[in-house]
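Trainee: A single structure is presented below for examination.
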Amino acid sequence: MAEILPANKALEPALALLRAGEVVAIPTETVYGLAGDATSGEAVARIYEAKGRPRFNPLIAHVSDMAMAKRIGRFDPLSRRLAQAFWPGPLTLVMPMQPDAGIHPLATAGLDTIALRMPRGFGAKLIAALGRPLAAPSANTSGRISGTTAQAVAADLGQRIRLVVDDGATPVGLESTIVKVEDGRVRLLRPGGIAADEIEAVVGQRPERGAKGIEAPGMMMSHYAPKAGMRLGVERVLPGEALLAFGPQRVANEQNAVAVLNLSPAGDLREAAANLFSFMHELDRSGAAAIAVEPVPMTGLGEAINDRLARAAAPRDVVNGD
Ligand code: TXA
Ligand code: MG
């Protein structure tokens with residue numbers, strides 16, 4: 001069962017866990033977050049595992065100051081204005097990611113954009129002390145409502161995490177508003193703790209619902225799709241194919257593959273999740289006609305891994321609902 005510690009006693013224990021690649025439930029002004037080091041694939045895999053997410057949705061990277069934010073995201077003038085007006089606070093800004101941002105690809109689900117937010121209170125102190133951004137989805141099992149008290153979080157996730165930091169009921173009580181600036185227009189991807197009116201008052205335009213080319217919550221599969229075709233659940237490699245292997249049991253004709261990467265030679269799904277997006281990119285860059293993928297079991301994180309593989313294998317220009 002997770003330990004519940006008051007915020008004024010939790011900084012050092014939380015830091016120790018985060019430095020070890022573990023996850024910690026922390027209070028923010030919106031809802032409690034299930035936080036892990038956004039630069040660590042292992043930590044991010046643990047987040048998805050603890051949430052029981054059937055798929056990898058991109059996560060918000062939480063920062064403690066503007067300097068950290070600018071190392072991660074490329075701010076346009078409107079996004080900068082919004083950050084100045086509402087940070088720290090319940091606004092998340094989606095923007096292009098800096099090439100050397102250091103965010104693990106599992107945290108962005110392979111996207112080249114990043115959702116950034118500067119929270120208030122304990123979270124900000126923790127991030128500043130860690131010196132690294134924290135990836136944090138709402139602290140609830142996938143499909144359940146977001147936790148707004150430490151007790152609710154412990155009741156939901158307590159068996160799967162070690163520490164819940166208690167700072168009382170979250171003042172806002174619902175998730176952050178997510179916006180993305182595109183071609184000088186502010187698009188509303190998710191309504192939340194900052195009202196559209198408040199945004200309009202700052203930028204002089206009313207946020208429009210939805211985004212050009214759909215990117216509300218992890219929907220458009222072509223973002224994740226490699227250029228090479230994908231063939232799943234293979235037992236043999238065909239000429240010209242690269243092989244994305246999993247586990248110790250290998251396909252018989254592996255030597256025919258133009259390139260081979262193994263998601264986890266030991267068959268560890270957490271390791272496989274952490275490697276998934278970077279290995280797909282790497283095999284894509286090998287110039288192979290197609291990527292043949294060995295079967296990955298449907299247990300634990302395997303469900304999310306298989307979801308992403310299936311989306312990557314889907315015909316291009318198909319929108320997959322989320
Ligand atoms: O208030 C909040 O935002 C809380 C606290 C913990 O910060 N976090 C939260 O995270 O609600 P989560 O993972 O439950 O929701 C984040 C949303 C998801 O719907 C995800 O699809 C979207 O943000 N998102 C993340 N990165 C994105 C991106 N690059 N483009 C579009 N949407 C993105
Ligand atoms: Mg959520």
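Quick reminder: no glycine exception, Cβ is built from N, Cα and C everywhere.
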Trainee: Starting from the L-threonine binding annotation in TrEMBL that includes THR30, ARG117, ALA136, SER176, which of HIS62, HIS104 is the extra site residue?
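Mentor: Answer per TrEMBL: HIS62.
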Trainee: Can you tell which of THR30, ASN57, THR113, SER138, SER146 has the most other C-beta atoms within 10 Å, given these are the binding-site residues?
Mentor: THR30
Trainee: Where HIS62 (L-threonine binding site) and SER146 (ATP binding site) are concerned, what is their Cα separation in Å, rounded?
Mentor: 17
Trainee: Judged by the number of other CB atoms within 10 angstroms, which among ARG53, HIS62, ARG190 is the least packed of the binding-site residues?
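Mentor: Each of the binding-site residues ARG53, HIS62, ARG190 was scored by Cβ atoms within 10 Å; lowest is ARG190.
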Trainee: Residues other than THR30, HIS62, ARG117, ALA136, SER176 within 8 Å, Cβ to Cβ centroid, of the L-threonine site?
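Mentor: Nearby residues not in the site list: THR28, GLY33, ILE60, PRO90, THR92, PRO119, GLY123, GLU175.
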Trainee: Sorry to bug you, but what's the C-alpha spacing from ARG190 (ATP binding site) to ARG117 (L-threonine binding site), rounded to the closest Å?
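Mentor: Each residue's Cα considered, ARG117 (L-threonine binding site) and ARG190 (ATP binding site) end up 14 Å apart.
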Trainee: So what's the average pLDDT for the domain 'YrdC-like' (8-194)?
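Mentor: Mean pLDDT for the domain 'YrdC-like' (8-194): 95.
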Trainee: Using C-alpha positions only, work out which of the binding-site residues ARG53, ASN57, THR113, SER146, ARG190 is nearest to THR30 (L-threonine binding site).
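Mentor: That would be SER146, nearest by Cα distance.
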